[in-house]
Amino acid sequence: MSVDINILAIESSCDESGVAIYNPARGVLANQVFSQIDLHRVFGGVVPELAARDHLKRFPVLMNQALTQAKLNLSAIDVIAYTSGPGLLGALMTGATFAHSLAFAIRRPVLKIHHMEGHLLSPFLAPLKPEFPFIALLVSGGHTQLLSVKAVGDYEILGQTLDDAVGEAFDKMAKIMGLPYPGGPELAALAKNGDEQRFVMPRPMINRPDLDFSFSGLKTHVRLLIAEQNNDPQTRADIAASFQKTVVETLLIKCRRAWKKTGYRDLVVSGGVSANQALRAALQKNADEHKKRVFFPPLTLCGDNALMIAHAASFRLQEARIDDDVIDVTARWELSRLSTPL
């Protein structure tokens, strides 16, 4: 049974400031996100200190906007949740401090939420929901992991990247090609105009029986390819398309093995890269052909946001879990060690 409780959540793990309000019985009440893309564009990447300072400036405004959107007063909030890791320490500390200060001011309990658990559970916000147990593919700028998910909080890592995350690989390739920041979506857009068959690229670690990933060798291959090719627009588009095809095929091969290893029917794909249309199409096609099911977050929730944090907190409240009032943040935190204190 869904509980009628208003959860206000704070997200600040990287360069998106987020405040959301979620009620398990009534659904999404508010979701406010401010992206710092323009702030960091001139540097070609996220500057941690600038990110933390900008979060501090945005949170009061976003909170008021969220309360207005939800048509609630602050006194109607029952629980405060925040992202406590993993992420940039300064950015996390800004969000944690704001959350704890707010909780102290209105005398409400707090919940400390794992950022990637928020992503993992976000497909449950869509109308059609996965069923436990399922496989989770987490793909973002900082993570590439395959997990066995038996229940909320019961996560076993089946495989993960040994070097670059897939989102990081997209961004680095885009930067080498001179594409605007943020590069991942720009590379995917350029790939739509390219011939994905023109360049044959190595698919790292597909001949190994495990479920780990590696993208550094592919990145080096593409860098050398760019250096030896003409820099005309069509060649750039063809390289982008071939690179994207190679990454998608690599992820698909590992997901097939995870399906076979676990025997599960459902696959959940979350994180920023889950918005990639080529990846979605390939995984959906494979699932349809093999009588499996694949689930994605709504496109608006693929990036970092506070709604997924509030939503994850609602699952934790079902366990009657409330955290202490000590401010805790951590840059690294394995999902498989979620029950371990920070």
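Glycine is no exception: its Cβ is also placed from the backbone N, Cα and C atoms.
Cross-referencing ASP238, ASP266, ASP288, ASP304 against the Fe cation binding annotation in Swiss-Prot, which names HIS115, HIS119, picks out ASP304. Of the residues ASN64, ASN73, ASN276, ASN286, Swiss-Prot puts just one in the substrate site with LEU138, VAL139, SER140, GLY141, GLY142, ASP171, GLY184: ASN276. Ranked by Cα separation from VAL139 (substrate binding site), the binding-site residues HIS115, HIS119, ASP304 are led by HIS119. Same-chain neighbours of the Fe cation site beyond HIS115, HIS119, ASP304, judged by a C-beta within 8 angstroms of the site's C-beta center, are, in sequence order, GLU11, SER13, THR83, MET116, GLY118, SER140, GLY271, ASN305, MET308, ILE309. In this structure, the CA atom of SER140 (substrate binding site) is 10 Å away from the CA atom of HIS119 (Fe cation binding site). Long-range C-beta contacts of ASP171 (substrate binding site), restricted to its own chain and to partners at least six residues apart, with a cutoff below 8 Å, comprise GLY45, GLY141, PRO182, GLY183, GLY184. HIS119 (Fe cation binding site) has a Cβ environment of 30 other Cβ atoms inside 10 Å. Secondary structure from DSSP puts LEU138 (substrate binding site) in a beta strand.
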